[in-house]
Amino acid sequence: MSYYRGICNFCGTGCGHLLQVEGNRVRGVYPLPGHPLSRGRLCVRGWHIHELLQTEERITSPLIREGNSFRPVSFDEAVDFTASRLKTFSGREVAFLGSPRASNEENYLFGKFARAVMKSNNLSLTSDAGLEESSRVLLEGCGLPAMTGSLSALRQADFILVVGGDLTKQNPIIASEIHFARRSGTFVATISPRKTQMARLSQKHLRPNPGTIWLLLEALARALRTEGLVRGDDLEERVENARQYLEYLDSLDLKQASESTGVEEQEIISLARKFYESESAFAFYPVGIQSLDRRSMSALLNLFLLAGKLDRPAGGMCPVTGISNLLGSLDMGVSPAFLPGYFPVEAEESWRRFEELWQVGLNRTPGKSAAACLQEDRSIKALLVVDHDEEIIRHVNRIKELEFVVYFGAYQNAFASLATVIFPRLNYVEGDGTYTNSERRVQLSQKKVEPPAGIKPMWEILSRLASALGQPWPYKSAEEIMTEISRVVPQYSGLSHEKLRASLGLRWPVDDRHPGGTEFPLAEETGRGFKFVFDGAADRRQSLRSGKEGVFPFKLVVGRSNYFWHQNSVMKRTFIPRREYNALLLLYPNGFVEVSEEDARALGLREKQPVRIVSEAAEIRLATRISPDILPGMLYIPYFIEEMISGFLHRQVSELEKNEEFFLPVRLEKVE
Amino acid sequence: MYWLPRDQVRALVNRLAESYAVYGPRRDEVSGEVVFDRLEELERLDLQAAIPYNPPKHALLPQYEEILKYLYSKQSQKVTIEKISKVEPKALVGLRACDLNGILCLDRFFLGQEFVDEIYLEHRKKLFIISNTCVRPFPQCFCVCTDSGPAAGEGFDLDLTCAGQGYLVLVGSKKGQRLVEELGLREAGSEAQNLREKIVAESVSSFDNFALENKAWVSRATNRLTTGFIKPEVWEYIGNQCFECGACSFVCPTCSCFNVEDVNRVDGPTDRVRTWDSCSFEGYTKMAGDHNPRKPVEDRRNKRFFCKLSYSQSKKYLRPGCVGCGRCARVCPGDIGLPNVVTYIRREITGE
Amino acid sequence: MDNQLVPIVTVPEVATVVDIREEIADVRTFYFTFDRPEIERAFRIRSGQFIMCTVFGAGEFAVSLPFSPENDRKHISVRKVGKVTAALHELQPGDKIGIRGPFGNGFPFEEIKGKNVIYVAGGIGLIPLRSSIVHVLQHRPDFGRMILVYGARSSRDLMYKDSIREWQATRDFETHFTIDRPEPGWTGQVGFVNQLVAGLNLPAENTVAFVCGPPVMFNAVIKELKLKGIKEQDIYSTLERHMKCGIGKCQHCAIGRTLVCVDGPVYTYRQIKTLGEQI
């Protein structure tokens with residue numbers, strides 16, 4: 001046998017694949033038919049994961065910095081050295097940056113190491129902001145911190161609303177499911193300023209001006225009211241704060257919203273009707289890097305609550321994660337906001353629970369994200385990082401100032417060079433681990449090849465470090481860690497590797513009541529407290545005001561491509577996706593900015609004409625690419641040209657990564 | 001024709017395993033799906049299983065294959081180049097007729113044109129092929145439209161047709177004859193030929209209406225494609241739905257486009273690697289220096305369907321480039337597998 | 001005549017770079033000899049063919065051959081455009097490269113004997129034509145009028161300056177040179193190649209033309225040649241395509257039903273017109 005079942009480790013779709021293994025090497029990949037979600041499909045990235053798994057740019061030995069170079073050391077030496085240094089820092093002096101690509105077992109242990117061993121709550125993921133926001137909004141609004149819908153039921157939906165991003169590029173197989181749904185009769189509407197492929201595949205495309213998605217969503221809700229579809233009476237029974245929300249909503253003037261968003265009132269009303277009349281409705285929005293912003297997520301949730309779509313089976317809110325185990329990492333509490341299982345750090349009983357479970361005293365001072373620590377906290381002295389797979393390292397100067405940096409990574413990359421100690425890590429086919437995709441599906445990825453000699457599993461490295469720091473950890477395998485997770489994380493209480501081996505993934509909650517997992521958690525439980533999530537109307541007025549139109553008349557938005565993905569540190573180790581990325585670069589070696597046909601005409605720009613994009617903070621020269629895909633007044637730069645990111649967006653990149661809705665006010669100058 | 005009782009299939013496979021690595025269809029125990037795989041555990045061979053999700057192409061044209069290894073020392077100006085030829089003999093057991101026809105297409109393409117592809121030849125000459133008649137069609141199949149099934153006509157060493165408690169065995173080569181004799185199979189008797197024909201006819205008649213209806217349409221689509229009388233809007237409609245994943249090429253038994261890369265290994269030498277490629281990728285035709293002769297997605301799709309269905313391409317394969325296995329339809333995120341493309345062309349013709 | 005061409009198909013033959021010449025910005029000429037004497041002796045090409053050149057450790061690329069099949073030093077002229085060609089530009093004399101080929105059909109030689117031959121080239125388009133020019137010069141009595149029209153952006157962008165000087169001094173070879181903008185000291189024409197062609201008195205009967213250059217120039221020149229009465233089937237060019245194998249298998253260079261590596265790279269304009277893709 002040479003084809004082994006596995007889970008694709010690129011995006012948060014979690015497609016099933018078959019890896020062709022010969023002579024301890026992964027030689028090929030093939031989609032796994034019969035996988036409940038991917039049903040035998042893969043995207044261009046998934047079709048080339050074997051190329052990545054063949055790369056020899058691995059870290060193969062523990063390394064300790066000596067001056068400007070690294071000395072290979074034994075595993076024992078690296079452990080002893082690291083432990084002796086970590087001993088010298090207090091919990092608040094250390095920050096932990098976990099990887100959304102690492103398994104649940106690894107993330108759980110990483111978090112436990114931070115909180116229980118190092119007594120630090122400064123714990124986060126590289127790209128968690130969007131997901132964490134989404135989880136908070138959903139927790140507050142419906143009590144479930146993740147996808148309330150189910151991807152496998154998508155084809156039965158009446159109505160699908162895709163908000164922001166371009167799913168065909170970010171999570172192509174989920175986009176494919178939506179496409180199939182549309183082909184079998186589902187009404188698909190896309191809301192995005194840019195004419196994406198997803199938009200092309202939809203029956204309806206509403207194009208709000210950049211920065212106004214949230215307003216359009218509120219306008220859709222408002223239209224349900226003006227059209228008399230939703231009255232107040234029964235709403236108060238269903239949703240806790242209905243009265244206050246309706247007050248808030250009714251203060252919105254639909255005409256004015258139409259003007260601000262640039263979407264015609266009639267379009268808003270007709271889409272609202274279509275949505276309201278549907279038997280079952282799904283909403284999809286991206287989380288992770290370039291996530292939808294909190295405001296839009298809340299507006300979307302409110303729209304669904306208002307129309308009563310959340311408590312029915314077949315439908316729901318679907319945050320789509322951009323990285324394989326982004327959701328699982330948050331499930332495992334790699335977050336300043338939640339302990340494993342979404343126990344909020346604000347609650348005293350959360351801490352008591354974990355002190356009891358872990359049999360150790362915990363530090364209850366709230367922590368911050370690693371990024372926030374680096375940005376604002378001068379007391380941080382040490383940083384532990386797992387598989388940072390972005391090319392651009394934020395706060396690089398601050399990191400250089402730190403006394404001690406530990407890097408756990410599989411591949412050589414820019415971050416490793418900043419470390420004091422480097423521990424080599426297994427890649428995902430060299431050990432067992434579970435990964436949780438966008439739809440809460442926990443899937444077991446089994447070991448397929450032997451790792452290069454000397455590389456230890458993450459649980460072994462962390463166990464040895466914990467023991468050296470005075471807390472002997474007993475773990476002997478990833479499987480044992482899952483046993484502990486099932487005791488600690490209620491949503492995972494019915495999970496074990498044994499059970500997962502015989503399945504193609506189970507959707508949490510998996511517990512006594514749902515031993516086979518749960519497709520629609522909200523529909524099954526009655527009496528769940530629903531709540532609208534919103535700030536005040538004054539806040540809305542504030543958001544609508546914007547000051548810089550005169551000097552920076554254009555709204556610059558940044559997007560992604562199929563081949564360039566997460567700053568390409570992963571994709572550049574493949575052949576075909578790398579070539580496709582380079583193919584784009586060949587046409588525009590110094591990058592391009594997309595300008596609408598209307599603006600190009602008005603400014604007298606021709607194709608490939610050099611232009612200068614000027615923002616408050618920086619400027620850059622690019623070639624013009626005239627595109628029918630974007631709105632007048634908007635500029636678009638695909639998020640793939642490294643030099644451009646480091647040279648121009650660098651200072652603004654943390655802002656840009658915050659959310660999909662963010663845009664940069666800029667002006668465009670012709671270069672003759 | 002010979003008779004192979006069902007309980008002797010193991011003996012046949014065991015015999016093959018003495019000289020060949022045995023490949024065949026097996027069922028995945030969890031997903032229940034069928035994979036064409038290398039079988040160390042011979043009992044996993046499942047001749048009753050449906051058409052495998054993957055074609056046997058990987059046994060002849062691996063997805064990732066080192067074809068050369070070289071080492072160049074600039075100090076001594078010494079170059080050593082070796083051709084990698086660790087190709088093992090393989091027995092492909094239980095090939096469906098479509099997949100056998102796929103291999104025959106690859107043969108004509110790699111061995112029958114101006115140049116012989118030495119690497120493919122290395123794999124091909126060490127092959128033992130046992131085909132397996134589809135006694136009933138599977139849901140996605142349309143080999144009756146492309147003249148490539150449900151039974152094999154040529155190219156096998158042995159051919160099996162399930163008939164009750166065993167298989168009718170056709171011999172297609174000396175190698176096959178030898179194996180039949182070594183196993184001591186008995187002659188199947190005078191009625192065997194008729195029986196096989198009857199089984200095949202029954203199989204043909206049980207094809208889905210979709211396949212039978214499409215039979216004439218495939219050739220009309222071929223005609224349209226060759227003459228170029230398909231409106232650009234049809235290609236645009238198809239192109240808009242393309243996710244550019246390359247899957248249609250990767251799963252096609254006859255698609256053989258490849259890429260070549262030189263990969264430097266950490267221990268010094270460089271491997272020249274050839275990997276599957278697809279003409280649906282933008283970078284596929286891209287040349288260094290700002291020039292891509294085939295740009296829009298719909299053009300790239302167009303190229304692939306031309307390759308599968310046009311007369312001129314058929315001349316290279318001596319048959320249509322599509323063997324009707326239906327895999328591209330199952331694997332396509334955009335739902336634009338070949339049967340749907342034929343449907344769109346048909347709609348254009350009939351104005352539906 | 002020894003027309004026995006046995007191309008090197010799969011395993012590259014090692015050759016030594018013996019000399020490197022800077023032609024124009026980013027274009028260098030690499031002279032090479034095969035390491036194995038028997039290959040050095042047996043290697044034969046036709047004008048218009050190409051080889052696959054391996055830069056060890058970087059990769060392989062297709063490149064057209066500028067040298068004559070007879071009595072000419074073996075060389076290639078390569079513009080630095082990508083990873084592999086950049087690695088080639090790093091090489092020093094004495095370094096090794098790998099060669100497969102020659103591949104492709106090549107320009108007709110026997111068929112055009114007795115005819116007038118016109119060469120029109122723009123920029124580095126002279127590279128693939130050089131081989132044929134030198135070859136025809138070597139058999140000058142077999143041909144009619146022989147004309148070269150060559151243009152580049154500036155005098156610095158003219159390829160093969162040594163050959164040009166030689167050709168200018170060759171009897172029975174009419175040469176015309178042009179650059180886009182005037183320059184001090186430039187004695188040739190100023191303007192685009194097609195404008196120069198338009199003003200020339202060219203034979204139309206019993207004439208073949210070879211045209212190579214950037215697409216805009218190519219199309220403009222074809223228009224002029226047709227106005228002069230030269231038939232589409234008598235205009236030849238070579239196509240460049242992305243190639244991985246050179247032997248008609250990888251399909252990267254497929255244009256409709258033709259494979260540039262085996263059916264081309266030399267096509268008549270009449271064929272090119274029917275290929276359907278952008279040139």
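Even glycines carry a Cβ here, placed using N, Cα and C.
If you look up TrEMBL, you'll see C:10-109 marked as domain 'FAD-binding FR-type'. DSSP labels the residues of the domain 'FAD-binding FR-type' (C:10-109) in these numbers: 13 helix, 48 strand, 39 coil.
Here C:Cys250 ([2Fe-2S] cluster binding site) comes close to C:Met243, C:Lys244: these same-chain residues lie at least six apart in sequence, with C-beta atoms under 8 angstroms from its C-beta. TrEMBL lists C:Cys245, C:Cys250, C:Cys253, C:Cys261 with the feature [2Fe-2S] cluster binding site.
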Interface-proximal binding-site residues, chain B, C-beta separation under 8 A, candidates C:Cys245, C:Cys250, C:Cys261: C:Cys245, C:Cys250
Candidate with the highest Cβ count within 10 Å, taken from the binding-site residues C:Cys245, C:Cys253, C:Cys261: C:Cys261
Assigned conformation of C:Cys250 ([2Fe-2S] cluster binding site) - DSSP reduced to three states: coil
DSSP state at C:Cys261 ([2Fe-2S] cluster binding site), helix/strand/coil: helix
Secondary-structure category, per DSSP, in which C:Cys245 ([2Fe-2S] cluster binding site) falls: coil
